[in-house]
Amino acid sequence: MNLKQKWDVYSRLTRLDRPIGTLLLMWPCLMALMLAAGGMPDLKVLIIFIIGVVIMRACGCIINDYADRDLDSFVERTKSRPLASGEISTKEALILFVVLGLSAFGLVLLLNGLVVKLSVVGIILTIIYPFTKRITNMPQMFLGVVWSWSIPMAYAAQTGEVPMEAWWLFAANWFWTVAYDTMYAMVDRDDDLKVGIKSTAILFGKYDRQIIGLFQIAALVCFIAAGWSAERGLLYGLGLLTFVGFSTYQQMLIFGRERAPCFKAFLNNNWAGLALFVGLGADYLI
């Protein structure tokens, strides 16, 4: 395997070729940094978190594919992943995971002690998550915690503490993550039932759209509470209104429960997150 082929394998293993996950992680993290700083966060902290999100997203993908390597080959969407297809060995994948994980931890060591402690919890959660799909019907709810963990870390890095405002944002992102990852799980539901992978899409069954809607509403309420705590104004409100518009569109897409529209609904959440981020940023700038 030449260098170009190796890069292609690593890129697919870490999902660098599919940045949607990184973006969905990035928007709430950047919002947390802005809210914690009351506007523009410290440049050093901002750079560390941007790089850290990219690295930890890659780590999460590697450990997820490692855990699912014997099942992914039976799922249409995942059968061509490098570990499932045998393009890379488990040893090489785990070495890459360790290297990236240590790199992320090295960045965290440039910040305060509270962030370091929270980061240890974060890496443990990241490792545990992929295995929850075998023992619980609600792995998306665990993923919501994993994908929201950068929020208390961001507040800790910027202010040295984690106030109630941070937990409102944490709750908002948790509800939102469960909603959009259930849409994602709807894409694989038929294959998951065959191989024994558990998900909220399977758990919710025929009530999936309604429950996703409830989670979207709960996310909105918590985003409002976070903004209220930070005394945000009209432009943040416009961002929230746009978020509602995207959520409504997603409900339309998943109405028929077909694979392609459900995946499109999942991808659309990137724009919902961007709308929230832009609304918050504009509210501080103008």
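Cβ from N, Cα, C; glycine included.
As recorded in Swiss-Prot:
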type	residues	note
TRANSMEM	21-40	transmembrane segment
TRANSMEM	95-115	transmembrane segment
TRANSMEM	142-162	transmembrane segment
TRANSMEM	167-187	transmembrane segment
TRANSMEM	211-231	transmembrane segment
TRANSMEM	235-255	transmembrane segment
TRANSMEM	266-286	transmembrane segment
**OP:** Can you tell me which of 95-115, 211-231, 235-255, 266-286 gets the most C-beta pairs within less than 8 Å of the transmembrane segment (21-40)?
**Re:** 266-286
Subject >> Stretch with greatest number of CB pairs under 8 Å, the transmembrane segment (142-162) reference, 95-115, 211-231, 235-255, 266-286 candidates >> reply: 95-115
Original post:
Residues sitting near the transmembrane segment (266-286): Cβ under 8 Å, six or more positions beyond its termini, same chain?
Top reply: 20, 23-24, 26-28, 30-31, 34-35, 38-40, 176, 180-181, 183-184, 187, 223, 227, 232-240, 242-243, 246-247, 249-250, 253
